[in-house]
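According to TrEMBL, the protein carries these features:
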- 35-55: transmembrane segment (TRANSMEM)
- 37-442: domain 'Major facilitator superfamily (MFS) profile' (DOMAIN)
- 75-95: transmembrane segment (TRANSMEM)
- 102-119: transmembrane segment (TRANSMEM)
- 125-146: transmembrane segment (TRANSMEM)
- 167-186: transmembrane segment (TRANSMEM)
- 198-222: transmembrane segment (TRANSMEM)
- 258-277: transmembrane segment (TRANSMEM)
- 297-317: transmembrane segment (TRANSMEM)
- 329-345: transmembrane segment (TRANSMEM)
- 351-371: transmembrane segment (TRANSMEM)
- 391-411: transmembrane segment (TRANSMEM)
- 417-437: transmembrane segment (TRANSMEM)
- 457-480: region 'Disordered' (REGION)
Amino acid sequence: GMVQQEPAGAPGLAAAAVVEAAVTTAEVRLSRRRWAVVLLFSSYSLCNSFQWIQYGSINNLFVHFYGVSAFAIDWLSMSYMLTYIPLLFPVAWLLDKRGLRLIALAGSGLNALGAWVKLGSLKPHLFPVTVLGQVICSLAQVFILGMPSRIASVWFGSREVSTACSIAVFGNQLGIAVGFLVPPVLVPNVEDVEKLAYHISIMFFMTAGVATALFILVIIVFKEKPPHPPSRAQALIQSRPTEEYSYMQSILCLLRNANFLLLMVTYGLNTGCFYSLSTLLTRMVIHYYPGEEVNAGRIGLTIVLAGMVGALISGIWLDRTKTYKQTTLVIYIMSLVGMIAYTFTLSLGHLWVVFVTAGALGFFMTGYLPLGFEFAAELTYPESEGTSSGLLNVSAQIFGIAFTIGQGQIMDRFGTQAGNLLLCSFLLLGTVMTAFIKADLRRQQANLDNEQTCCLPPVRSGERSEGPRSSSAPTGCSGR
């Protein structure tokens, strides 16, 4: 009639054993749909980022059309940054609780709605309507920016996750490139307001049509997750009971991670410089090269296209080498060098030189964006990629607003070169801080541990295990 007392810690050990069994027996398989998902996301992200920069790339024409100041037009771009900051945490919570599909539908749907609202602003006195349309598009961006690393982790295997993240970010950068190239071509510099309204309407109609088509495709194609986990690390996350996960605990855990905090600040400095440079680029170029709005757009296009190549190369490089810290530091240093070269060649009077230095700057500065997402996912595993990416983006938006306002004011008072030197100083600070980040690659370690566990022979009754069989997550706050 005696009842044997359960040893202390037995429930935790039993739960760990269940998780280990689930991970070990889980079938890891890649889905063919993964490429359609990432390309579709990349496409509607492209459309959204195009709408971000379409005002800034022809800033002077919208100033003339609406009869407002250049600073007011700059705020149409900065609205993207301002909206993101208070809405990050609610959207990241939704991403964790409701999953990828709902966030994809919201992002693509709001993007299309904002594009249609802008069509109601084709009169000079309707500037508030175009502000409303841009604010709706900025809401869509909140549902887009934190997705790349999450899509990569949920849909792609461990050997292609960085490449997938680069492709997801690739669309956002391509949209900025198109936003630099297309508006100066579709909207020529004409004095007649009615002709200007006609050309602007063509651009707005094309954008609304593309955004609506992409929204319909998201409804049809975009799924929550593949039928089978694509990696052992993802199998480990999916095997964890949902009630174990606390969203607020996850945020607190990230904010206690010293390496992630350093990365969050350095990512914000680098990306904030890029946002400021993109918003004010046309003003810089036409200051030294009056009447060259089309070439200003082409310089912006060169920056982003070179950055897309850099992003793709860095993604492939990371998948092969896993040298996150070293690659991040090298790209940061080269971003600083590129910014210095651009600063001192802009005023030389030779546009081809500006194209070369701007392309070199873009290759490294824009190529850094997906690298930051993936490095954060490694440093913070097993926490949600949506939360870590969101915090990186909040940092980028805060620095982006500060740099855009600060650089714009310095350009007005002390000249364009002084404004660019401000960005150089902050990139130098970011380079020094990056050197202090430790390469604590937790996600890679989880994949290695689980691969070793699956390769070990089963332990027979009465035998002792010779090697590590634990497939638990690396030390983390949420136990995810």
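Cβ atoms here come from the backbone N, Cα and C positions, even for glycine.
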Open item on the list: Quick check: do the transmembrane segment (198-222) and the transmembrane segment (35-55) share at least 3 Cβ pairs under 8 Å, counting only pairs 6+ apart in sequence?
Closed with: yes
Open item on the list: Do any residues, 6 or more residues outside the transmembrane segment (417-437), come within under 8 Å Cβ-to-Cβ of it, and if so which ones?
Closed with: 259, 262-263, 265-266, 269-270, 272-273, 276-277, 280, 284, 325, 328-329, 332-333, 335-336, 339-340, 342-344, 346-347, 375, 379, 399, 403, 406-408, 410-411
Open item on the list: Using Cβ distances below 8 Å and needing 3 or more such pairs, separated by at least 6 in sequence, tell me whether the transmembrane segment (35-55) contacts the transmembrane segment (351-371).
Closed with: no
Task: Integer average pLDDT (0 to 100) for the domain 'Major facilitator superfamily (MFS) profile' (37-442) - done: 84
Task: Paired segments the transmembrane segment (391-411) and the transmembrane segment (75-95) in contact, 3+ CB pairs under 8 A - done: yes
Open item on the list: What residues elsewhere in the chain lie close to the transmembrane segment (125-146), defined as a C-beta under 8 angstroms and at least 6 residues from its ends?
Closed with: 41, 44-45, 48-49, 51-52, 55, 66-68, 72, 76, 79-80, 82-84, 87-88, 91-92, 95, 103-104, 106-111, 113-118, 172, 385-387, 389-390, 393
Task: Beyond the flanks of the transmembrane segment (102-119) by 6 or more, those residues with Cβ under 8 Å of it - done: 41, 44, 47-48, 51, 91, 94-95, 129-130, 132-144, 147, 201, 204-205, 207-208, 211-212, 214-215, 218-219, 222
Task: Stretch with greatest number of CB pairs under 8 Å, the transmembrane segment (167-186) reference, 75-95, 297-317, 351-371 candidates - done: 297-317
Task: Tertiary contacts of the transmembrane segment (75-95), as residues 6+ beyond its ends and Cβ separation under 8 Å - done: 52-53, 55-56, 62, 102-103, 130-131, 134-135, 137-139, 141-143, 145-147, 150, 247, 251, 275, 278-279, 384, 386-387, 390-391, 393-394, 396-398, 400-401, 404-405
